[in-house]
Amino acid sequence: MTNQNQKASQNQKAGNDDFTLHPQDQLRGIDYCITSPPPWPQAVLLGFQHYFVMLGTTVLIPTILVPQMGGDNDAKVKVIQTLLFTAGINTLLQSSVGTCLPCVVGGSYAYIIPTLSIIYSNRLQAIEDNHERFIRTMRAIQGALIASSSLQVVLGFSGLWGIFTRFLSPLVAAPLITMVGLGLYELGFPGVGKCVEIGIPQILLLVLFSQFMKNIRFVKPIFERFSVLLAVAIVWGYAHLLTITGAYKHSPELTASHCRTNHAALVKSSPWLRVPYPLQWGNPTFEASHVFGMLSAVLVSAVESTGGFLAASRFSGATPPPPFVMSRGLGWQGIGILFDGLFGTANGSTISVENVGLLGLSRVGSRRVVQIAAGFMIFFSLFAKFGAVFASVPLPIVAALFCVLFAKVVACGLSFLQFVNVNHSRSVFILGFSIFMGLSVPRYFNEFTASAGHGPVHTHSHWFNDIFMVIFTSAAMVAFVIGMLLDNTLQVSNSKKDRGMTWWAKFRSWKGDSRNEEFYSLPFNMNKYFPQGA
């Protein structure tokens, strides 16, 4: 070993006291931060852009679930309409009295596994009439959501989640946020590949507008700020031109179905005006096995939303949210899941990852913009005929958006490493092991299920199997659990600086930093009703 290597080794063993860096608590270069709204015309367009981005998940989840529940096209439209309506309400609550971050609340893929377990339960599958089976299945899902929502409500409003997240360091936040972005990577280019004729141009135009043409300004930086709307408008028009000219006449039916724009069935089935209301499908039914399975999805969505909160704070120009703020936000998200159960969306809520990525892409992190987006969600859920027009966008275009927006969230996660000493072997191991296992473990569970027809944990209790499947197929959950365990048990005594805890110390309490009140204070003096930590 050379003298230089010996000296480096000695410095590492000594705790790297000479380790210095200059991280930025707030991301620079944000045009409009969380508390500075853009002018109203821009804010409305930006809000519509957020609404359009969240439509992909809003349409895709009911498209997966409703036919398996026995529902027809009319039922699917009503479920989409209801999911959009509750998403608007939940987004308003989260951005106004939750974390106060510009977070869009939408559907979550974490709930699909326990929902499918309910759908394929023997009791419900025995119902021969499709409409009756749909109604009974929806009521069972509603009951599971209503009961399981109490987990997030209790963890959030009691402050327990805030106590738990006090142990969350930047070293764990980095793989958590990274996995939140990578956890849905299979929805990216594989979706683009279903129709490369429109998917590839969508990616190219989005990158061109947002990156290469961002400095071209016509009074305002429209290419960067409205890159999603501009790219989608051009590619959607191009896709429609290909459709009407018969470009897909000789293509396989599956390919043509993804490429065509003449999806009139969704628009035709949508009513001009319909107001979703609680218990519209009838009284929910409650079964313990359904609730236990759904509880695991609620826990996973809590972890994924925590990563979403951290990423949204970064992209909105705010400081990292204190633990009690994330706890408060989780409590309101639990209320949102309760609304999902009462109204009957067949799905629970979480922070929309793609909309967090849009904050970074547009460099506009204004709270008002997201609140306007919530207004669009509610409006188009009531006047569903208009909303169905935008909801009928070809899915390869949506998948192309995911490729860019999820990538922004991944990069945001990696940016938290600026608070960490990545020259220390402890930090390198925890980071690498968390990310690798976060990708590898879900892959194993998914491949095993695809080949065997059931998960690696296969008992007579379906709810017990669902708990393991939901937890271990979530990349964010696996990375978070491994990272938290290692970071809080491995050489903890002399690693506070290396793991970045010294940089975040001032954000642990309300009075630790004056910016906490600026960014996270509630309106109407509501702070006194929620625990604020020491």
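The backbone N, Cα and C atoms fix where each Cβ goes, glycine too.
According to TrEMBL:
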- 48-66: transmembrane segment (TRANSMEM)
- 143-164: transmembrane segment (TRANSMEM)
- 195-213: transmembrane segment (TRANSMEM)
- 225-248: transmembrane segment (TRANSMEM)
- 369-391: transmembrane segment (TRANSMEM)
- 397-420: transmembrane segment (TRANSMEM)
- 427-445: transmembrane segment (TRANSMEM)
- 467-486: transmembrane segment (TRANSMEM)
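At the 8 Å Cβ cutoff, the transmembrane segment (48-66) and the transmembrane segment (397-420) share at least 3 close pairs (sequence separation 6 or more) and count as touching. Taking Cβ pairs closer than 8 Å, the transmembrane segment (467-486) reaches residues 110, 113-114, 167-168, 171-172, 175-176, 178-180, 182-183, 292-293, 295-297, 299-300, 303-304, 306-307, 429-430, 433-435, 437-439, 441-442, 445-446, 449, 455-457 in its own chain, all 6 or more past its ends. Of the Cβ pairs linking the transmembrane segment (225-248) with the transmembrane segment (195-213) and spaced 6 or more residues apart, 3 or more are under 8 Å, so the two regions touch. Within the same chain, residues 223-224, 227-228, 230-232, 234-235, 238-239, 242, 247, 255, 258-259, 361, 394, 396-397, 399-401, 403-404 sit at least 6 positions outside the transmembrane segment (195-213) and bring their C-beta atoms closer than 8 Å to a C-beta of that stretch.
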